[in-house]
Amino acid sequence: MGKMRERMAAFLNNRWLVFIAAMWLQSVAGIGYLFGSLSPVIKASLGYNQRQLARIGVAKDLGDSVGSLAGVLCEILPLWAALLIGAVANFVGYGCVWLVVTGRLPTLPLWAMCILIFVGTNGETFFNTSALVSCVQNFPKSRGPIVGILKGFAGLSGAILTQIFALIHTPDKSALLFMVATGPSMVAITLMFLIRPVRGPRQVRKSDQSNFLYIYSICLLLAAYLMGVMIVQDLVDLNHNLEIIITVILFVLLLAPLAIPIITTFYLDIISPLEEPLTSPTSSPTRGESSSTQKQKQVEESEDEVLLSEIEEEKAQEEARLQLLQPSERKRRIAQLKAKFTYAAAKGGVRVKKRGPHRGEDFTLVQAVVKADFWLIFVTLLLGAGSGLTVIDNLGQMSQSLGFDDAKVFVSMISIWNFLGRVAGGYFSEIIVRDYAYPRPIATAVAQLLLAVGHFLFATAWPGTMYIGTLLVGLGYGAHWAVIPATASELFGLKNFGSIYNFLTIANPVGSMIFSGVITSSLYDYEAEKQAHVHRIRKLVFVFDGDVLKCVGPTCFFASSLIMMSVCIVAACLSLVLVRRTRRVYSSIYGRGQR
């Protein structure tokens, strides 16, 4: 009985269980990617034109990306409290939108609807930040795969929620809003005590590679399954019993990764909790330690950090070599170096000076925002991911303008390719840095070139380009959200990763505000007004027929797609500038230890 209790405690504190719980949370956390399915319902129910709908979309993007509050709260509150706040925000925001769309609440002005959408979608930032912060701390040496898989499931959530909605089998399209308001909140509340940093060994272990390979296999199988289901549903009408079977198989695939913590806990030897974890000097203290112990650790870590910072002034690669040592050996080497440094300083041979952190050390947000590297990341994210998000938000109107009656197919497709882009971005960028010690931002440049080709295909509107463009934009956009967080953690450290990452994500809605809220919507309405021949006729159609202003044909998004293609090429060039600037630091971090 005591042994079983010990096993259960080990299971609940298994870092792989935390990772899988975070995957489940992320699989329903990408609510913003459903906007292509939600926007036609909101537009038709409230009588918005494209420019008004674009403002709703920008509010959604702001809520999805402005996570400064989530970043701060995740640093000062337990993660379960942050998840609870996110669940409440999601339920209140989208719940009120559903009440307005269905007529249960009186119609609200546009600004009020924007606030509701912002609040509802902002709940995602609490889900994303909690999942990323806990898992990056639990797996500090596997940031690429961890970030890629977690962000990948967030991208895939659009297809997962669409499939679950198909199971409901209702002709009321506004019911999707109700499901968005309740489903993610329920999942977050269920998992909020599992997703947290846990005690135990955090260094790379031999079994990690096979575990990640198993999860990657599940990811590919899941994406292929959803793609196949989507194609079948598009070609034939399935009865309700088949929809139930399809959804059950989907849940089995989502539960399959649970085999990893079960096997490692109940069928392999339990690692002693006394085994010392290999963490960075700046990792946060473990909950449950006494205040005196935490204070002593903070003093020791502060001394180590200052010493390494000063030594790097003279010899940068020494720090990387120290980081790869075991904790006991690392502490002994640091003590030796500290003694040499103190003696040299006393003799006047070394000049001690105060300065800010270097790349690879722990930055505060204030220290990071004054660095050119930070703003290069921000601008490339604004241009690349911002243009990709514009396509995601306007998929409903883009497909309708080219004669497709239902945007559900393209919403599901871009969700799947977004997912694969994130998983592949994390996987291949990790190969780049670990096998070749080359800067990770090279993967960002490749993703931005994929986006440029996708925008070009949307501009041409040739037969079949809607499908290929959706594929390329999904892959390119998704890769950003695997590569950028890992890059930020490598250049600016893990200590304040939550606040730095959430500040960078502001680039996403800013880009959407420019490309969707200003450029794309204005050009769309301009082309629609031209097609209405005269303003008077358009006005009569609005008033007497109750129709919504629509644009039909490839001209609707031609100019805006070419503009976004151009800015993605500029973003790729800026990413290559960042590659050149960071080659030495990546060589220092990964060059010696991996060869």
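Numbers run from 1 along the shown chain.
Any Cβ shown, glycine's included, is placed from N, Cα and C.
Taken from TrEMBL, the feature compositional bias 'Polar residues' covers 279-296. Sequence annotations record features per position, and here TrEMBL assigns domain 'Nodulin-like' to 15-262. Among the features that TrEMBL reports, domain 'NFD4 C-terminal' is placed at 370-587. Under the heading region 'Disordered', TrEMBL lists 277-302. The annotation transmembrane segment is assigned in TrEMBL to 79-101, 147-168, 175-194, 214-232, 244-268, 374-392, 442-462, 468-488, 500-524, 557-579.
When each of 214-232, 374-392, 468-488, 500-524, 557-579 is scored by its Cβ pairs under 8 Å to the transmembrane segment (442-462), the top-ranked stretch turns out to be 557-579. Through the fold, the transmembrane segment (374-392) approaches residues 32-33, 35-36, 61, 368, 398, 414, 418, 441, 444, 447-448, 451, 454-455, 458, 469-470, 473, 476-477, 480-481, 484, 487-488, 491-492, 504-512, 514-516, 520, 560, 564, 567-568, 570-572, 574-575, 577-578, 581 of its own chain, all at least 6 residues removed from its boundaries and within a Cβ separation under 8 Å. Long-range neighbours of the transmembrane segment (468-488) within the same chain, counting only residues 6 or more positions beyond its ends whose Cβ lies under 8 Å from a Cβ of the stretch, are 132, 143-144, 147-148, 151-152, 154-155, 377, 381, 384-385, 388-389, 391-392, 395, 410, 413-426, 429-430, 440-441, 443-444, 446-451, 453-455, 457-458, 497, 500-501, 504, 568. Remote same-chain partners of the transmembrane segment (147-168), defined as residues 6 or more beyond its termini with a Cβ less than 8 Å from a stretch Cβ, comprise 19, 22-24, 26-31, 33-34, 36-37, 124, 128, 131-132, 135-136, 175-176, 179-180, 183, 215-216, 219, 222-223, 226, 229-230, 233, 243-244, 246-247, 250, 254, 408, 411-412, 414-416, 418-427, 429-430, 474, 478, 481-482, 485-486, 489.
Long-range contacts of the transmembrane segment (244-268) within its own chain (CB-CB distance under 8 A, at least 6 residues past either end) are made by residues 7, 10-11, 14, 16-17, 20, 23-24, 27, 160, 163-164, 166-167, 207, 211, 214-215, 218, 221-222, 225-226, 229, 238. Sequence-remote contacts of a segment are chain residues at least 6 beyond its ends whose Cβ falls under 8 Å from one of its Cβ atoms, and for the transmembrane segment (557-579) they are 373, 376-377, 379-380, 383-384, 387, 390-391, 394, 398, 401, 438-439, 441-442, 444-446, 448-449, 451-453, 455-456, 458-459, 461, 476, 515, 519-520, 523-524.
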